[in-house]
Amino acid sequence: MNTSTAITCVAALVLCSLALSANALQIEPRSSWGAVPARSPSRISGAVDYVIIHHSDNPNGCSTAEQCKRMIKNIQSDHKGRRNFSDIGYNFIVAGDGNVYEGRGFGLQGSHAPNYNRKSIGIVFIGNFERNAPSSQMLQNAKDLIELAKVRGYLKDNYTLLGHRQTKATSCPGDALYNEIKTWPHWRQN
């Protein structure tokens, strides 16, 4: 086997491994956390250009399914009530209990980053990540979710990854999480 063939084989194995990892990701449906139906969901056709990373800024985050589901429900109540959104603002929620929860889901416009909502997937990490980054499991779950979005055709292969602070004046997603995502392959300075 020559070097070129060996490199091709290794690349194919890596791509298969990424696809298997993404397909193994379990996303907890809206019903699992008691979501109230959205008032008027807006569909997005085709793959989007951006992933926007947020943190919920809850000081202690959550570590059990019960805690996480309660926090997600509270976020939805705040977004639909005080902020007058049609639903929870994020497409997906990465939680400290090891789960990824469906917010609005794939193919629906979020309310998480002005000027980017129609062309992005919004992912929020539950917790405050100013000083400490999320757990390695939370980070891997987010990476797997992004890969799944690509595999399923909801996210362009050449997407751009941004922290919420790159879309408006905010400290979100916290310094520690922002510094982490800056090391991911699709992060871009804007």
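A Cβ is built for glycine as well, from the same backbone N, Cα and C atoms used for every other residue.
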- request: Choose one of Cys16, Cys68: the cysteine that TrEMBL connects to Cys62 by a disulfide bond.
  value: Cys68
- line: Long-range Cβ list for Cys68 (disulfide bond), cut-off under 8 Å, min separation 6+ in sequence, same chain only, gives Trp33, Cys62, Ile93, Ala95, Gly96, Asp97, Asn99, Tyr101, Ile126
Message: Per DSSP, what is the helix/strand/coil residue tally across the domain 'Peptidoglycan recognition protein family' (25-168)?
response: 42 helix, 33 strand, 69 coil
- prompt: Among all the protein chains here, how many other CB atoms are within 10 A of the CB of Cys62 (disulfide bond)?
  reply: 20
- prompt: Across the domain 'N-acetylmuramoyl-L-alanine amidase' (36-174), what does the pLDDT come to on average, as a whole number?
  reply: 96
